[in-house]
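Enquirer: Next up is a structure, given as structure tokens.
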Amino acid sequence: MNLDDKLRGISLSDEKINELKTKPNLIKNMEVIVNTGNNFTKMQYSLACIAPKNCNLIELSNLIEEGYVTNDSLLKGLVKLGKKSKDEYIDFCKKHTYNEQDIINFIRLLKEKKETKATISSKLKEQYLYYDTKIFLKEMENYNLNVPMEKYTKNWLDEGEIKFLHKPGENPQKTKKIMEDHLKRTGGKVITRFPPEPNGNLHIGHAKALNLSFEYAKKFNGITYLRFDDTNPKNESNELYNGIIEDVKWLGFEPYAITASSDHFEAMHEMAKTLIKKNKSYVCFCSLEEIRARRSKYQKERDEGNDDPLILSPYRNTSVEQNLIEFEKMLKGEYKDGEAVLRFKMPLKSKNPLMLDLVGARIINMVHDRKQKNYIVYPSYEFALCVCDSLEDITHSFCSREFYTRQEPYHWLLQELDMYEPVQWEFSRLNISNTVLSKRKLTKIVDEGLNWDDPRFYTIKGMRRRGFPASAINKFVQSVGITFSETIIDVKILESFVLKELMQIAKKATCIINPLKVYINKCTTGIISNEPVDVNNIIYIDKDDFDETNNSDFLRLTKIQPVGLINLGVLKYIKDESDGIRCELLTVDECKPNKFIQWLPNLDNKVELRMYKPLFKSFDPDEIGYMNDIDLTNSLEIIDGYVDNTVLNTHIEDKFQFIRIGFFCCDFDSIINDNQKKLVFNLTLPLNKNY
């Protein structure tokens, strides 16, 4: 049986198979697995999708075949484990294979305690690290707490480790004078910052960081800087600067000041010279590839007893005088990009790989977009972050947890410069289901044809365009709380916050998607949206509201069952017509209907509806490779709709509840002027037809 047949055997379509053939690494992985002779199951396919280079595919495939790997989460854990012996793999599987009933009982216990979905998911991950997520999804189906959402956001900064953070003045410094000077400058205020790179768009994960930085400072009457980490002019633009400022303000945050790392570039050049004079920095002429190779070699040699620092760089012992000369040459542009870098001469006792002589500055011979100046020598992220935190007297430097290993070089550098040291505090990234948030991954999807503000993305601009209120986004990220452990939050929890906000602010209007012409025998004057409407002998209802089969479970119009028309009367079927149906219009006193449906007096107001579904099919798209899980075709359907007159006076971003269809937001693709009007609405959240 060839590979195509194997893939069809796990229910992949021919279209999907042809798409996979464009991914040579994936095909190679699948061929390796097929050649083992093992059954090619969906889990074997998942292994092929997520396996990195040098992964022990054959061993892991055998473990799946032998029944040691029972779910995709455990498989992902094995892959992260790296190359191990079979016995080590088996021990890992046994350690993280759990009794399904124990997991179910654990979930049900938390449900009895009225815990939120997010809390249950987080606690489940802590207790059963590599549990089968399908168990969670099944147990949490239709689990909705009837608890005010304010309960989840009220005390979010008073829970967990964050309530034990230091007060200004309590964080230790190299000297007492450094702290005294800091307190004189700040008056003991809490000072935080939000430091995005202007090389992409903010997403919902950034909303969590924004809320933490701004709300923590606000709680203590402090201030927050919006500081751009603009150390790489190759990837930055004024458009991205302005877009980030717009997003921050749209979410409701007003920074004390907008600053940038580039405000301090000249100061950092002088600091670099200070470090050279202290013999704590040197100019290195190794390429970046050679630097990486030498670091790897040094770690290996050190483990074997040879800790010669010159393995890291043959230029490490260059004299101070010569380093000053070489650095001046860098500043004057006498070296090309990549020919020379400034490296920190760090203590090598630490096992932290980020203490292996980090690059402090490099040559990028181009004009900085924001400053409109060519600095030639640009500081690295590691250099700029700690220096700018110190210069802005940041008291609480919040970072996502992957920055944990950066703490050591952060404090080493500030101590060598005799500068004030802020405290770094790490929190977990926000991960939500059915999407990806990584800038690298989103960029790859953008390359497939989507825009950064596509409503299927959970970028701030994408969510705004889709119609998510800023208040709902903020309340959601606050409800998740601040933790160190990572978990995936069900996107339905976010949607529940969005729904609650929209119920309060969205204007109700009538919309019909599949119009059915209805001839009525008796005309009257009705009321629609509180405005009198002349009803002629023709109206329109939605085809989905009429069932010709007289199904007893159908609660709207049938040939034997009347239905109410909102603010008009009761419709009773008489007979079919060539282009519709004929009905009698009765009063509610004459006939009590089971249900009321929307209707229109005409089809004069045609609009475009963009019906969005999740961009990814799986709860965790990364489990099978996010590009294999993406659904570009079925995640957007564009259809026509017909609306009542109240919708005509809409503005961009106005939010509507189209009765019994869903919540919609007026898109900026709409044309609204005196000469032309074309309205486009994005589906924010659908409603059940019987809502």
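Backbone N, Cα and C define each Cβ position, glycine as well.
Straight from Swiss-Prot, here's the annotation block:
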- 196-206: motif ''HIGH' region' (MOTIF)
- 197-199, 203-209, 429-430, 437-439: ATP binding site (BINDING)
- Asp229, Tyr381: L-glutamine binding site (BINDING)
- 436-440: motif ''KMSKS' region' (MOTIF)
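Give me the lay of the land around each of these features.
Expert: Only residues 6 or more beyond the boundaries of the motif ''HIGH' region' (196-206), in the same chain, are considered here, and those with a CB under 8 A from a CB of the stretch are 226, 228-230, 232, 235-237, 240-241, 243-244, 247-248, 370, 400, 429-432, 437, 439, 442-443, 452-453, 457-463, 473, 477, 494.
For Leu437 (ATP binding site), other Cβ atoms within 10 Å of its Cβ number 17.
Within 10 Å of the C-beta of Asp229 (L-glutamine binding site) we count 19 further C-beta atoms, all protein chains included.
Under DSSP, residues within the motif ''KMSKS' region' (436-440) fall into helix, strand and coil as 2 helix, 0 strand, 3 coil.
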Enquirer: In the motif ''HIGH' region' (196-206), how many residues does DSSP put in helix, strand and coil?
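Expert: Within the motif ''HIGH' region' (196-206) the tally stands at 3 helix, 1 strand, 7 coil.
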Enquirer: If I take the alpha carbons of Lys439 (ATP binding site) and Tyr381 (L-glutamine binding site), what is the distance between them in whole Å?
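Expert: A Cα-Cα distance of 17 Å.
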Enquirer: For Ile204 (ATP binding site), which residues in the same chain are close in space, meaning a Cβ under 8 Å from its Cβ, but six or more apart along the sequence?
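Expert: Listed in sequence order, they are Leu430, Ile432, Leu437, Tyr458, Thr459, Ile460, Met463, Ile473, Val477, Leu494.
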Enquirer: Determine, to the nearest whole angstrom, how far the Cα atom of Asn199 (ATP binding site) is from the Cα atom of Tyr381 (L-glutamine binding site).
Expert: 13
Enquirer: Determine, to the nearest whole angstrom, how far the Cα atom of Tyr381 (L-glutamine binding site) is from the Cα atom of Lys208 (ATP binding site).
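Expert: Per the Cα atoms, Tyr381 (L-glutamine binding site) and Lys208 (ATP binding site) stand 22 Å apart.
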Enquirer: Among the binding-site residues His206, Tyr381, Lys439, which residue has the largest number of other Cβ atoms within 10 Å of its own Cβ?
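Expert: Top count of Cβ atoms within 10 Å goes to His206.
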